[in-house]
Amino acid sequence: MGVKISNEKFFDRVDKGIKDTFMRKAVSEAQSRLEGRKIEVTEELGNWEDWRDLSEEIRQHTLENLDYYLEQFARNVAKQGGHVFFAGNAEEANDYITSVVKKKNAKNIVKSKSMVTEEIGMNEALEEIGCNVVESDLGEWILQLDDHDPPSHIVVPALHKNKEQIRETFNKKRQYDKTSDPDELAKFARQELRKDFLAAEVGITGCNFAVAESGSVSLVTNEGNARLATTLPETQITVMGMERIVPTWKELDILVTMLCRSAVGQKLTSYITGLTATKEQGDVDGPEEFHVVIVDNGRSKILGTKFQSALQCIRCAACINVCPVYRHVGGHSYGSIYPGPIGAVLTPLLEGYEDYKELPFASSLCAACTDACPVKIPLHEQLVEHRRIIVEQEGKSSFGEKLAMKGYAFGASTPSLYQMGIKGAPTFINTIAGKDGDGKGAGPIKLWTDIRNLPKSTGQSFRKWYNNREKGGND
Amino acid sequence: MKVSLFLTCLADAAYPADVGRSTVEVLERLGCEIDFPKNQTCCGQPAYNSGFHRETRDVAKHMIRTFEHADYIVSPSGSCVAMLKEYPHLFEDDPEWIGRAKKLADKSYELTQFIVNVLEVEDVGAEFEGKVTYHTSCHMTRLLGEREAPMKLLKNVKGLNFTELPNKQQCCGFGGTFSVKMLPISEQMVDEKVQHIEETNADILIGADLGCLMNIGGRIDRQGKSVKVMHIAEILNSQK
């Protein structure tokens, strides 16, 4: 799939999102539910801010020593018979993965949920060499069946779909003839997926956290699908973003609970899987061959910049779950597999500004995201930094805006000019606003008055009142 | 105690004297001597949030010079004070200005924050009859980190019939230039805010930031609804 999920223009996508009343209802309900549950399980800890500080420290330390921990991790995987491949970009990652699959003569692949495999377009690369790739996360499976509808949320990918739509997809694609009762739908999915699990020669997973000290991979799910995908197939391939690593199991312990609490409001999810190396003598299951693909794909160039902390992200979506913009436009409006505040920060870093220059501006900078982030990424500040780069380095602001901002800055640093401006402002506003306050004006004022009235600027100005008073005049 | 008032450009240009006047009168009643530096302009936020940081530095330098003499800077806006506190970031690579920017940031307070935390007063002796609700403002609560002061003060205003606003933590959709640059999104956000305000059955929405109030009030007016918006300074200055 790749990062980009749409060729439509930003405002067309937004317009579509706003008009999708079902999606918006689903999103606002999910936000309230997830946020409510999160508040419950974080308040229960009693000192959530201390946990955030600690988590931030762990992530910062790991990123500052990323080379060390990656090397330690790779050494430990290799020591236990696993294979590690460092992929500089999507193409290198896909080349390696397809070569492993070809060597195994594998045709059937079962996958657990992984954003990085979406990012590099791995499914398409495998399908091109004739493989049948099946998503086993329920949400991802629904989207895959529905002609590869893109995910709209990084934790709940099919958030934008309701049970009726899911029933229809199952019916059209798999001749499902029962009701839209969620239990019945899930039972059907389980039956269908079981065949794919049993047939798979290769299981591919993402990676929530790699553990450097033991060369292990940990996976967090509620469905147990990652466990099964790493138990039945002979070969396991784990694909991870290069920043998804912790030094030891001690740090894993902390970050896993931060992830579960922040993502879905659970202390722990139903399955937390820790996998180390291959099947040993006497083991009844587990893979015989284990590969880890560590993907850079633009991440290393973020290190050492003002955006480094964006790599602290543990993909919990807490920022998405509180974002008022996401609430109204939905995930697809972002045009990226990474939506919401973290998506608006990360997408331009990975893919450049050309296709995503609106994203950093699609925020009121309300900072709800920054407050929600369990690893304390200053998301709203990073959006402002993107804006600065877009204006000052990329030169992507319009001529009109440049002129307006120059004029503004000159006016706001020249008191005589400013005072002239504010003296004229009430007359100006009243003229535009008209008798009822709903006049139109031009430029930004026209946009403002498209949906709102201007303030009623009647009566004495503050400066006049203050001057009179200083002169000893009456109020 | 001498207090220098930073009025903010919205209160200066777009609104009549009420907010500034209320701020002055409340502070004077609490024993402060008010100074109004006439050369003050705007905090620079419109340029800063739009990515025009070079231009913002010019504005910031002017504001630093204008308020250099002040012991305390007090402003009836959480958002504009949060911007003053951003100044040191703007001059990270400028040894001449960073110290001056830090001094300005350290002595800047939002009005209710100043009353509660510096003057240590929670009851200003105000009286106001009305069914009201309160909009918390994102920059006040999350950037400035001031969540308590306005509520402490409002609790002691006699006559207020207060209902909490549902989803109060959610942004009203103003966001400065966001309100026009991202008009369709901003419209949805302000509509949801207005809907929650109506759910409280309040006659008056109180806020501590004119940006939010201009946005919410402008939308309420456009929809022909009768809820009035008022700045918290006006409430605190009300007496029988």
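Heads up, the Cβ atoms here are built off N, Cα and C, so glycines get one too.
Same-site candidate for [4Fe-4S] cluster 2 binding, as annotated by TrEMBL with A:Cys366, A:Cys369, chosen from A:Cys316, A:Cys323: A:Cys323. Over the domain '4Fe-4S ferredoxin-type' (A:310-377) the predicted model carries a mean pLDDT of 97. Applying an under-8 Å Cβ distance to chain B, the binding-site residues A:Cys323, A:Cys366, A:Cys369, A:Cys373 reduce to A:Cys366. A:Cys369 ([4Fe-4S] cluster 2 binding site) falls within a helical segment according to DSSP. Listed in sequence order, A:Val155, A:Met258, A:Leu259, A:Ser262, A:Ala263, A:Pro374 are the same-chain residues at least 6 apart in sequence whose CB falls under 8 Å from the CB of A:Cys316 ([4Fe-4S] cluster 1 binding site). Taking the Cβ of A:Cys313 ([4Fe-4S] cluster 1 binding site) as reference, residues of its chain lying under 8 Å away and at least six apart in sequence are, in sequence order, A:Glu243, A:Ile342, A:Leu346, A:Val375, A:Ile377. Of the listed binding-site residues, namely A:Cys323, A:Cys373, the sparsest CB environment within 10 A is found at A:Cys373. Rounded to a whole number, the distance between the Cα atoms of A:Cys366 ([4Fe-4S] cluster 2 binding site) and A:Cys373 ([4Fe-4S] cluster 1 binding site) is 14 Å.
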